[in-house]
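Chemist: One structure, as structure tokens, below. Some questions next.
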């Protein structure tokens with residue numbers, strides 16, 4: 001959950017998000033190093049006179065050709081590794097289908113019989129004390145902690161996007177097309193997200209709430225919901 005005046009990322013709650021935060025820090029260090037080098041060279045040019053030999057030197061041309069290539073490699077390798085990790089879905093313990101509508105989400109637990117529900121935002125007038133405005137829903141997505149979860153995402157009308165920042169998940173929901181993503185929650189808790197694709201007048205009223213619980217609690221919840 002983001003805090004007021006927060007500048008950094010939310011606390012990572014999945015291995016993918018942890019990797020994304022580390023890559024952000026890595027890229028930021030590289031960018032700061034480049035900025036420092038450029039500022040140093042600018043200051044040196046302003047304070048010192050340049051000779052024609054320095055401008056036309058082959059060594060300088062070689063350096064400013066090789067250095068950008070090294071920088072690109074330093075950024076590309078970890079980026080490609082994370083991209084492959086985000087696309088890899090290996091034997092999930094649970095498959096969840098998320099369907100975007102104007103303006104709510106429908107969920108189907110395909111591994112269970114008759115376990116599906118619609119998830120609407122709770123209006124501000126009905127919101128209990130201590131809950132978050134425009135983020136709470138009447139039915140949360142409950143998943144077992146530390147288990148691979150596959151999410152199949154589509155839409156029933158227009159473009160939507162299923163996004164939960166603290167899990168490092170953001171996948172477009174496209175009518176007539178099935179996209180998929182996966183995540184593993186590393187701790188129990190409640191994680192908030194929203195539709196991240198402009199989808200109409202009430203686009204900002206499509207929150208997503210994922211609740212991560214230990215496996216026994218998830219089994220009890222699924223049994224209760226299936227029997228009701």
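Even glycines carry a Cβ here, placed using N, Cα and C.
Straight from Swiss-Prot, here's the annotation block:
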type     : residues           : note
BINDING  : 160, 195, 199, 206 : Cu cation A1 binding site
BINDING  : 195, 197, 199, 203 : Cu cation A2 binding site
BINDING  : 197                : Mg(2+) binding site
TOPO_DOM : 1-14               : topological domain 'Mitochondrial intermembrane'
TOPO_DOM : 46-58              : topological domain 'Mitochondrial matrix'
TOPO_DOM : 87-228             : topological domain 'Mitochondrial intermembrane'
TRANSMEM : 15-45              : transmembrane segment
TRANSMEM : 59-86              : transmembrane segment
Chemist: With DSSP, how much of the topological domain 'Mitochondrial intermembrane' (1-14) is helix, how much strand and how much coil, in residues?
Modeler: 0 helix, 0 strand, 14 coil
Chemist: Sequence gap of 6 or more, C-beta under 8 Å: which same-chain residues meet both conditions with respect to residue 199 (Cu cation A1 binding site)?
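Modeler: The answer is 100, 102, 103, 158, 159, 160, 206.
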Chemist: Do you know offhand how many angstrom separate residue 203 (Cu cation A2 binding site) and residue 195 (Cu cation A1 binding site) by C-alpha?
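Modeler: Rounded to a whole number, the Cα-Cα distance is 7 Å.
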Chemist: In the same chain, who gets a Cβ under 8 Å from the topological domain 'Mitochondrial intermembrane' (1-14) while lying at least 6 residues past its ends?
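Modeler: Beyond its ends, the topological domain 'Mitochondrial intermembrane' (1-14) has Cβ neighbours at 20-21, 24, 132, 165-169, 183-187, 189, 191-192, 212.
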Chemist: Rank the binding-site residues 160, 203 by how many other Cβ atoms lie within 10 Å of each Cβ and give me the one with the fewest.
Modeler: 203
Chemist: So, three-state DSSP: helix, strand or coil for residue 160 (Cu cation A1 binding site)?
Modeler: strand
Chemist: Given the recorded Cu cation A1 site (160, 195, 199, 206), which additional residues of the same chain have their Cβ within 8 Å of the Cβ centre, ordered by sequence?
Modeler: 100, 102, 103, 105, 159, 161, 173, 194, 196, 197, 200, 203
